[in-house]
Amino acid sequence: MILATTSSTFASLEEMVTVLSIDGGGIKGIIPGTILEFLEGQLQKMDNNADARLADYFDVIGGTSTGGLLTAMITTPNENNRPFAAANEIVPFYFEHGPHIFNSSTGQFFGPKYDGKYLMQVLQEKLGETRVHQALTEVAISSFDIKTNKPVIFTKSNLAKSPELDAKMYDICYSTAAAPTYFPPHYFATNTINGDKYKFNLVDGAVATVADPALLSVSVATRRAQEDPAFASIRSLNYKKMLLLSLGTGTTSEFDKTHTAEETAKWGALQWMLVIQQMTEAASSYMTDYYLSTVFQDLHSQNNYLRVQENALTGTTTKADDASEANMELLAQVGENLLKKPVSKDNPETYEEALKRFAKLLSDRKKLRANKASY
């Protein structure tokens, strides 16, 4: 549920800072891909512009793991300085390349499940030599450096102070997707402000931000507000001036029914290892959503935040690396069905209706800013 567009909101709408956040989740990126296709389609209809792209409407787009890949796809420029991928090309990308990225025949018993070679190959082909500074809007893509034991956040706004972060987009995308046990960590080097070599040893961004990067994306926006006049309205954490759309890759309603305290009391390290990551990711994603919902609500701006998430995945759709055609078809259907579901138990508005409202705000805001710039 989000702000209704009335004459009283237009004055403040122009000042709104818009943020899009996309979760990690491997092949489950098909779900937010479906949502993004719907949203971009609505924007194109409202603005009567088939070339309208999400990067034209969001001030910050952030993602981790597969969400980082989607972020790059919709913000990396092509030869015409437009996003190289439209939102309706995201799901076909997974269908074409997913089976090769998650090809079990390339894995080893001792070592990562997949060798990552095809993933790197397709990233290099699609993203070329493009670097962070060329992104068409502010980005926030996370990774984790296993040499320094610190998160690494790739954003445009950090480049003046830390030019070593101006890495190639394909290096960043592989790094944010390099989930331990699934893909090998990624090493690459850039140059510091003094010309020295700066070395990165990176793994999946979910290690740094878990699977939901919404807080990271908001933090990048508020930090940029200290220096960029375009973000001035959200200084002092004024979330009343922020529109946040957060897209999940789905969780399972069966998870909390799977185990009991009596059962797990007998578990050892191996049994816990099989489920602890799923537990941690589910809990962290819930807490991120809970925190943001609470903050926006306390500021009487709860309608400025929309979390789109499927909480009832079952069977193969819960797996981040099942890229069989049958499962990808199921994931695409999950995304389509999600649009028809209510936002929450307390809010009967469907996600489709909420996203249309969100699109209207984005469209109106863009027009207001364009009109102001023309004077």
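Any Cβ shown, glycine's included, is placed from N, Cα and C.
Coiled coil is the annotation Swiss-Prot gives to one range among 74-98, 124-148, 324-348, 349-373, and that range is 349-373. Here Swiss-Prot gives motif 'GXGXXG' for one range in the set 24-29, 102-107, 246-251: that range is 24-29.
Across the motif 'GXSXG' (63-67), DSSP helix (H, G, I), strand (E, B) and coil residues number 2 helix, 1 strand, 2 coil.
Residues 21-29, 32, 140-142, 176-177, 179, 204-206, 208-209, 211-213, 216, 247, 249 of the same chain sit 6 or more residues outside the motif 'GXSXG' (63-67) yet have a Cβ under 8 Å from a Cβ within it. Packing against the coiled coil (349-373) from elsewhere in the chain are residues 1-5, 10, 13-14, 16, 18, 35, 38-39, 42-43, 46-47, 56-58, 243, 245, 306, 308, 338-343: each is 6 or more residues past its ends and has a CB under 8 Å from a CB in it. Residues belonging to the motif 'GXSXG' (63-67) score a mean pLDDT of 95 in the model.
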